[in-house]
Amino acid sequence: MDYQQLIEEVYREVQAENLKGKVADYIPEIATVDPNQFGIALVDLKGNLYGVGDYLTPFSIQSISKVHTLTMVFHRFNSKLWSRVNVEPSGNPFNSIAQLEYENGIPRNPFINAGALVITDALCSKFENPLEQISAFINEIAGCDCVRINQAVMNSEKNNAARNTALAYFLKSYNNFENSIEEVLDVYFSHCAMEMSCVELAKTFSFLANDGYSIYANREILSESHARRVNALMLTCGFYDEAGEFAYKVGLPGKSGVGGGVAAVMPHKFSIAVWSPELNEKGNSVKSIRALELLTDKLAFSLF
Ligand SMILES: NC(=O)CC[C@H](N)C(=O)O
């Protein structure tokens, strides 16, 4: 399969469809990006890179960083941490608070905001400088010094933090929060405000297509069985209340962010990152999802 030709074809067809959505505006700084940008990068397991469109332009990875932070604590899978967060799809918006109350402060999964806050809290308990550790980890698995935290995006989210702050207090009221709320939120907003290009992001997901082994870090990042579990979580929970539709249409484990990025993996073949800022009403990028749907259609295979 000629991957370059494949992604160019997908790119052209998606552009011709002229799909429309809405750039996330609850983080005002994100709303300032040019909505017409669109890029695709694919990285195979030998490290060959393929790209089209704005695949070298950095963008805000937002919730996609929740896969990286989860990976950093995953070896504690059998430990106490996993009584603090579940592994079930939520069927609710990413920032929903309702479910947290009737499930006694245990978030449904690590990818909704409440669950990701628990993971960031665990990183704050584990490390003296959690943000430095997160950046160093992502740089290592990307094989380059590519992580940049966009301070304007970070401040913009911090100044519009009512919902996430409420979630954190709610977790605390159920004793499911160990550190200071301000500290954890700062680390959370900062890792969400990391910027990367499609090609850098695809590299950071490569280990998940490769049974947990990173060809960039030259080491096992997760055991094969843990890598499979992170992929299972992405498949069932990576797109919030659109996870079922993504599995149905695309059939790959993936994770979206409100910056318009989607990263996905085809186990044993490649990782891919697609970016386009306009989102549907579920907070997922319209063009990125359509591109991945066309891609697996043309490849005529997915996980299934
Ligand atoms: N889905 C997302 O990308 C949401 C991330 C964003 N930083 C938030 O907490 O709201």
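Every residue gets a Cβ built from N, Cα and C, even glycine.
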Q. Of Tyr50, Tyr102, Tyr174, Tyr188, which does TrEMBL put in the substrate site with Ser63, Asn113, Glu157, Asn164, Tyr240, Val258?
A. Tyr188
(Q) So if I take the binding-site residues (Tyr188, Tyr240, Val258) and measure from each Cβ to the nearest atom of ligand 1, which come out below 6 Å? (A) Val258
Q. What is the number of other Cβ atoms found within 10 Å of the Cβ of Tyr188 (substrate binding site)?
A. 29
Q: Report the largest Cα to Cα distance, in Å and rounded to a whole number, among the residues Ser63, Asn113, Glu157, Asn164, Tyr188, Tyr240, Val258 that the record lists as binding substrate.
A: 20
Q) When a 10 Å sphere is centred on the Cβ of Ser63 (substrate binding site), how many other Cβ atoms does it contain? A) 24
Q: Could you check what DSSP calls Tyr240 (substrate binding site) once collapsed to helix, strand or coil?
A: helix
